[in-house]
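Colleague: For 26-35, 143-159, the entry in TrEMBL reads domain 'Uroporphyrinogen decarboxylase (URO-D)'. Feature annotation from TrEMBL assigns substrate binding site to Arg31, Gln32, Ala33, Gly34, Arg35, Asp80, Tyr155, Ser210, His324. Per TrEMBL, site 'Transition state stabilizer' is recorded for Asp80.
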Amino acid sequence: MGTAAGPAADSALVRAARGLPVDRTPVWFMRQAGRSLPEYRALRAGTAMLQACQDPDLVTEITLQPVRRHGVDAAILFSDIVLPLVVAGMDIEIKPGVGPVVASPVRSVADVDALPPLEPDRLEFLATSVRRLVAELGSTPLIGFAGAPFTLATYLIEGGPSKEHARTKAFMYAEPEAWRRLLERLAVSAATFLQVQVDAGASAVQLFDSWAGVLSATDYASRVLPHSRAVFDALGDRDVPKVHFGVGTGELLPLIGDAGADVVGVDWRVPLDEAARRVGPGYSLQGNLDPAVLLADRETVDREVRRVVEQGRAARGHVFNLGHGVLPDTDPGVLTHVVELVHELSAR
Ligand code: 1CP
């Protein structure tokens, strides 16, 4: 069931993720779809974000846009981390310029117990989108993804985007039993979401725990990591590479791999040679160009790309990426240039 088969199974992305030799370093960009592309804005006009994510025609086209334009080595499904919650029936909207906003935030044990479960049969649109994409992409792998339980919990508890995540941490400390139940439920829905994508043909998966870096290693290890591990474990014998990513996770790097990942995503704060030491030998790395560098002059871009490619050689395998998502003001031409430069610098 769902083992990495098909023409993308031997792609540079899958090989680098497994630590196998590659002809050149694979490169893709977090948030490569839907951030900086004018063709995305044109296509999305008049359709709400979370509606677009459930329309296989739009999902297929938006996912393919950056592959066609930049020649990246992987596609990432156009979706959002809150989509499983929306499909389950929660009232969540993505407000332009803000992000996900939750109508009734989770603030009590009763709120946790009232969360609707995600019925897998509501995910037919997702399987359809993935199957179509895999057929179109040929030997280019499709990365499926889900939000990790902690990062989803921050949106549910805060009610929207937040910097300090203070309410989230307060809930975690004050209501440990409700916290555990909340993260368990979120792990089940993330796992269902990933299983559907892999069974429909996705070649790799990424679990986004974007905000895990706000936690101490001790709290992360005891109150969060077991739930992220449960998501990866639920993939069972589906033999696809697993990427685990968060921002500001320098202190957590040894634990992030421990959740069951093949690849640890690293933001720009820790150089990849140092990250390789922190995660240990059993993992490939993904990252870690500062997305802000792409707003600088060409000389700076080239110097920083070269540095990341060189430092990436310290890892078992390297998937070139940004340290976080593409910034909306990024010139798409710079992204195309970075893809070409990484390929040129890493060609063997
Ligand atoms: O390449 C791609 O764009 C793929 C699709 C994708 C992904 C991987 C989207 C579309 N969202 C995500 C993941 C996601 N969503 C994460 C994890 C990655 C990360 O850290 O960047 C997070 C934290 C979210 C939540 C979210 N959704 C935010 C962040 C808000 C905050 O807390 O600061 C925002 C702004 C969104 C909206 C969203 N998601 C995706 C798009 C294209 C957009 C913009 C909305 C639009 O175009 O109308």
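Cβ atoms are placed via backbone N, Cα and C, with glycine included.
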Colleague: Would you list the DSSP helix, strand and coil counts for the residues of the domain 'Uroporphyrinogen decarboxylase (URO-D)' (26-35)?
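Modeller: Per-class counts: 0 helix, 1 strand, 9 coil.
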Colleague: Including all protein chains displayed, how many Cβ atoms other than that of Tyr155 (substrate binding site) lie within 10 Å of its Cβ?
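Modeller: Summing over all protein chains shown, Tyr155 (substrate binding site) has 25 other Cβ atoms within 10 Å.
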Colleague: Which of these recorded positions (Ala33, Asp80, Tyr155) have a C-beta closer than 6 Å to some atom of ligand 1?
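Modeller: Within range of ligand 1: Ala33, Asp80.
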Colleague: Can you give me the Cα-Cα distance between Ala33 (substrate binding site) and Asp80 (site 'Transition state stabilizer') in Å, rounded to a whole number?
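Modeller: Asp80 (site 'Transition state stabilizer') has its Cα 11 Å from the Cα of Ala33 (substrate binding site).
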Colleague: If you run the three-state DSSP split on His324 (substrate binding site), which class comes out?
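Modeller: For His324 (substrate binding site) - judged by DSSP and reduced to three states - the answer is coil.
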Colleague: Can you give me the same-chain residues 6 or more apart in sequence from Asp80 (site 'Transition state stabilizer') with a CB-CB distance under 8 Å?
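Modeller: Correct list: Met49, Leu50, Cys53, Ile94, Pro100.
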Colleague: Which residues does Arg31 (substrate binding site) neighbour through Cβ under 8 Å, counting only same-chain ones at least six apart?
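Modeller: Non-local contacts for Arg31 (substrate binding site): Gly325, Val326.
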